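Student: What Swiss-Prot records for this protein is below:
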- Tyr22: active site, proton acceptor (ACT_SITE)
- His100: active site, proton donor (ACT_SITE)
- Asn74, His80, Asp87, Met101, Ser102, Arg111: substrate binding site (BINDING)
- Arg17: site 'Transition state stabilizer' (SITE)
Amino acid sequence: MNILVLNGINLNMFGKRDPKQYGTITLAQIDEQLDALGAELGATVQHFQSNHEGEMAERIHQAHVDNVDAVLINAGAWTHYSYGIRDALAILKCPIVEVHMSNIHAREPFRHHSVIAEIARGQIAGFGVDSYLMGLRAAVNLVNAAKAG
């Protein structure tokens with residue numbers, strides 16, 4: 001089972017930006033935890049981060065070509081306005097799980113709306129790194145349920 005984890009704009013700065021919202025964990029540390037959990041769950045986890053919207057869209061297109069089993073995405077600020085990322089994700093035939101370290105619904109009003117939510121199977125927000133770990137578990141469960149038919 002292949003799970004693709006996508007991290008959007010500014011998320012490479014985890015550990016350096018706003019520790020009140022995001023804690024001090026780095027993206028590399030999050031990736032390590034996801035790899036370890038993926039191994040426990042029988043999933044191979046691939047990681048991609050970009051601060052460039054076109055690069056992110058191209059990686060999502062490649063995920064379609066590669067026929068990945070599920071996508072876990074934290075699009076960062078793109079969550080709230082990038083119809084380009086949303087439309088690229090809509091091409092995928094696999095489950096999409098949206099995750100956020102902070103509770104986007106308890107922050108600034110512009111963060112309350114996600115353009116990705118309507119095409120995602122679910123959204124997990126506000127639990128720090130555990131949002132990613134719960135998201136990975138959810139993605140694996142969705143893939144396993146689909147295979148069990």
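Here the Cβ of each residue, glycine as well, is placed from N, Cα and C on the backbone.
What you see is a predicted model, and the numbers here were worked out from it, not measured in a lab.
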Student: With the substrate site defined by the record as Asn74, His80, Asp87, Met101, Ser102, Arg111, how many Å span the farthest pair of C-alpha atoms?
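Tutor: So the binding residues stretch over 24 Å, Cα to Cα.
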Student: Which of the binding-site residues Asn74, His80, Asp87, Ser102, Arg111 has its Cα closest in space to the Cα of Tyr22 (active site, proton acceptor)?
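Tutor: Sorting the binding-site residues by distance from Tyr22 (active site, proton acceptor), the top entry is Ser102.
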Student: Are there any residues at least 6 positions away along the chain from the residue listed as 'active site, proton donor' with a Cβ closer than 8 Å to its Cβ? List them or say none.
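Tutor: The list for the residue listed as 'active site, proton donor' reads Asn74, Thr79, Gln123, Ile124, Ala125, Gly126, Ser131, given in order along the sequence.
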Student: Just to confirm: which same-chain residues, 6+ apart in sequence, have a Cβ under 8 Å from the Cβ of Met101 (substrate binding site)?
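Tutor: Expected: Phe14, Gln21, Tyr22, Gly23, Asn74, Ala125, Gly126, Phe127, Gly128, Val129, Ser131, Tyr132.
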Student: If I take the alpha carbons of Arg17 (site 'Transition state stabilizer') and Ser102 (substrate binding site), what is the distance between them in whole Å?
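Tutor: Just about 12 Å between their Cα atoms.
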Student: What three-state class does DSSP give Asp87 (substrate binding site)?
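Tutor: The residue in question, Asp87 (substrate binding site), is helix (DSSP, three-state).
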Student: What count of other C-beta atoms do you get within 10 angstroms of the C-beta of Ser102 (substrate binding site), across all chains shown?
Tutor: 18
Student: Please classify the secondary structure at His100 (active site, proton donor) using three-state DSSP.
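Tutor: Where His100 (active site, proton donor) sits, the three-state DSSP reduction gives strand.
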Student: For Arg17 (site 'Transition state stabilizer'), what is the tally of other C-beta atoms lying within 10 angstroms of its C-beta?
Tutor: 11
Student: By a simple count, how many Cβ atoms lie within 10 Å of the Cβ of His80 (substrate binding site), its own Cβ left out?
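Tutor: For His80 (substrate binding site), the 10 Å Cβ neighbour count is 16.
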